[in-house]
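Engineer: The structure that follows is given in the form of structure tokens.
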């Protein structure tokens, strides 16, 4: 194996170390395999875009139950009551949707086939790509050969391709299934608890209104399906499950409570033990097991990272170029130093810094490793070459990922544009005074006072009648505030420079609001055919968003806000999994209930049901967007049983299992896991920020009283 092939394999190992997962690679000595592998890598973003378009296609294609020939309204007249209600998104024709789907599947399949050619027999080790390739072939065959059920099957195949494509989603699902395996006994206890109290309710309240509380059509269907006493027990268990979610409380209790106040103890005990204890135990178990599994996975990833970096080091250390004269001189100086022990370079494996440079250059071809510039690479090698001998030790090379991330994320602000373009003017006394003025805390305080005044002006302006003569004057005052904000932005750009100014999140927020307000003012006062001053007044409220900047000046509010920003990556994977769960149930609901709910059918066949009287006909699964909105309502758990009742009426009693399954998977598992993770991460981040503020507070007090606090500094 030549030197270039070894450097290439070492770069692949380092890239896998960033991911923490060992993946098969092609034979680096075969140019065709390497070329196909690199081409497959180049298709990374087009492939993901194609997968995303495949999933979004389910939202804009014509629902399978539509049989109309009119391309503009294939599902019927949207204004007619006999037409099922949909989300009314623009839809693609069936031929256009088929063309888009085949093109996206072609991109995904081509990328996977290139990887097959590159890896040959090792492709089977990439189980995720094998499954994606099989699903891609199944989706193509489904569209080309399956006619009647092709649209329904395609919904699930697209979602499967999406889930398998994104590694974070796959990893989160595996952890969730492991958690579900740990808490299945508690979930079964909840089921037994609900069924037991359903049996007690059947005995205790058989002569009260509880057994007849559901709508008459529902009871009729239950009696016809299950018969007699069993229907009452099933309905009682269903009502107790709804009570466990608190969606029907206290309505379900009131008939018995009105008859005897003591009967409230039954419902109180059920809720105290079930809601306050059992569900919280489930939450605690889900969270603790998820944290344990996540920590174990993090340890495994770190072990894999160290192992792959060690393999890369051993591969590179076998290629030892002859030492340069500078390396020989440094080695001689090091070995003859009285404060050092003699060093023998040939005593063990070592990595020449030139090979490390080549690996860093090769990593620029790949995605997982951060992008580096020439200065970054020099700093990385200098950091790893601890002894300055031109060689990198094994334990230092295993820090490569950490060092690369630290150096590439470090922000080094350049001098301001005035300092670089006009150094003479930047060194004048006038510009120094101007810089000290802009950097002084009274400058920010004056802007904050203007923000408060601006908010008051906008409130007065909206309280003024629309045709009053003074409205024009208030608009001029608003424009004056916008001009002041523009001047503030320009002053900070002159003092700090564009790079340092934009690096501050508060400055970015102020700049966006300032530019938006300026554009709105230009729209308001420049004559045009679409000039609408009432619309301008609505848009001018964007200025009020600047008042949020005052909140950031309060230390405790700032800690909470910054902690919330830092928590966004924490919940990203769980939110993506929640989206996939909702998409799965939306597709399943679309197949089971699509086209079966119309306003005319509900009012004519089931006029007394809660679903009809509440006007819930829009909460349906007639298309995927409507199903996603309905599932989001089910996540909130408010009146979810009413939505379930409507779909039970148009199908059968077994439709309840669909809603129970989503409650378990969406609310009990995913949503509770998301909330618990956010709470835990928020507590850690909040405590960390509080400690940082406690440590920095004495220094901030000292710096404000120091004479050096008002000297010119080029960065904020």
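In case you wondered, yes, glycine gets a Cβ from its N, Cα and C as well.
Quick caveat, the model's predicted, so the values are computed rather than measured.
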Engineer: In TrEMBL, which of 401-418, 419-436, 509-526, 527-544 is tagged transmembrane segment?
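Structural biologist: In TrEMBL, residues 509-526 carry the label transmembrane segment.
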Engineer: Would you mind telling me which of 126-145, 186-205, 206-225, 226-245 TrEMBL tags as transmembrane segment?
Structural biologist: 186-205
Engineer: Quick one: which of 32-48, 49-65, 66-82 does TrEMBL have down as transmembrane segment?
Structural biologist: 49-65
Engineer: Between the transmembrane segment (49-65) and the stretches 442-463, 546-567, 574-593, 657-683, work out which stretch tops the count of Cβ pairs under 8 Å.
Structural biologist: 574-593
Engineer: Who are the long-range neighbours of the transmembrane segment (97-118) in its own chain, taking Cβ under 8 Å and residues 6 or more past its ends?
Structural biologist: 26, 32-34, 36-37, 39-40, 43-44, 46-47, 50-51, 53-54, 57, 60-62, 126, 129, 132-133, 136-137, 139-140, 143, 154, 161
Engineer: What residues in the same chain, six or more past the boundaries of the transmembrane segment (574-593), come closer than 8 Å to it by Cβ-Cβ distance?
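Structural biologist: For the transmembrane segment (574-593), the far contacts come to 55, 58, 63-64, 152, 155-156, 159, 162-163, 166, 168-169, 172-173, 176, 620-624, 627-628, 630-632, 635, 647, 650-651, 655, 658, 661-662, 665-666, 670-671, 673-674, 677.
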